[in-house]
Amino acid sequence: MEDAFDEDDMPLPALHVLLVEDIELNVIVARSVLEKLGNSVDVAMTGKAALEMFAPGEYDLVLLDIQLPDMTGLDIARELTRRHTREDLPPLVALTANVLKDKKEYLDAGMDDVLSKPLSVPALTAMIKKFWDATDKEESTVTPEESDKAQALLDIPMLEQYIELVGPKLITDGLAVFEKMMPGYLSVLESNLTARDKKRRR
């Protein structure tokens, strides 16, 4: 457990990250993980805000949640690649619960990589090293699919890592936020599913 966060394993660069995520609990966890690893984080909670905040040279990494209130992470990636050359874009990385199912679609849309949610410290570290540590490229050939195949519904080691990294108070605060916000999220989800079903019947 103590070796999991040895300084030798930490990413070398301190990155300026644009995190595009609309769920508060996910923002809390992702921001804490990123900042503990030495990165600075700006948060956009809608696709519109992300597109307005982004400027070439401003961010070293963009983490894009796939499901947002106004557009998808795929839409944002496509719009960024339309507006800017690849040389002007940092790595665009999708955050999703469906890595195994949808990775090809994300890469085809202009994403550079995919990470599963909730954000895993080892996966995040490996991804950062893949793009910024040339000496680590051979090790980084392990794909998210391979690391995710053995992931259980309740990932105890990952929960222990979060507690070790961000402290128990942040975890309990995050759970309180989740409990408070979940009824609203379920209501929105139900409305969206109902609207989609009606559209399909037409």
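Glycine is treated like the rest: Cβ placed from N, Cα and C.
What TrEMBL lists as domain 'Response regulatory' is 16-132. The DSSP breakdown of the domain 'Response regulatory' (16-132) into helical (H, G, I), extended (E, B) and coil residues amounts to 56 helix, 26 strand, 35 coil.
Under the heading 4-aspartylphosphate, TrEMBL lists ASP65.
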When you measure from the Cβ of ASP65 (4-aspartylphosphate), which residues in the chain that are at least 6 apart have a Cβ under 8 Å away? VAL20, GLU21, ASP22, ILE23, ASN26, GLY73, LEU95, THR96, LYS117
